[in-house]
């Protein structure tokens, strides 16, 4: 069965209210918030909805709904400016989960490392293969920030080292580190769902005994590592710089991503006094900052 989709542009201030209006007053069967400009979203305050500054509100309706009436109702709500921009289109009903699975293919990072969906055959059984089922947590390797961190890990000699994955998400970086030779990896994340996804993916790869995961409040005191990787966002990387630097042994190596190229210098400033920084690596407007801790 086809559906009608209406897309409206909103701001962080009114997107949630517009979504509520579309559900309650116009008969939408679902409302989705999308990033309108491919910009990062920062952690919300407690009780806030996590949204972008420029947000597309996308409503889905049954095919027999009168779109002209829906647009009149939206106009009558006075929640959008006169002559508001909108896009109406018909979308075909699909098995969206199956389509996503069909389009998620094995990917190579660096010389040795492959990330493979758990439902596909590995292309090179002799390579370092991470089998991944992302579940509800971020991190599949398709985003440039994840790719930058995976390539960095592939280029290191991790044999026998301890690694901290700060903001572990799906566990993709933690598992890759183990597969690349690390003796032990500690994953830290503020989201309990991420810890569950990391555990599940670690078990799928047979490395669950080498990976520990913690909420920040539960992590062991005095925790330090030879290598720290933090694929989060520029804001937290600045705000948490004392914590992140404190996790690194003297001479240890750090990589950070989740940073737009326009934010790189402002993040680097928080680490330059304590680390010998490498040249910034860039991919599709995102970047990686890495270096070695002095001392």
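Each Cβ is built from the backbone N, Cα and C atoms, and glycine gets one as well.
Because the structure is a prediction, the values reported are computed rather than measured.
For reference, Swiss-Prot has these:
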type	residues	note
BINDING	146, 167, 189, 231	S-adenosyl-L-methionine binding site
Query = Other than its own, how many Cβ atoms are within 10 Å of the Cβ belonging to residue 231 (S-adenosyl-L-methionine binding site)?
reply = 27
Request  = Tell me the Cβ contacts of residue 167 (S-adenosyl-L-methionine binding site) under 8 Å, same chain only and six or more apart in sequence, or just say none.
outcome  = 188, 189, 190, 230, 231, 232, 236, 258
Task = In three-state terms from DSSP, label residue 231 (S-adenosyl-L-methionine binding site) for me.
result = strand
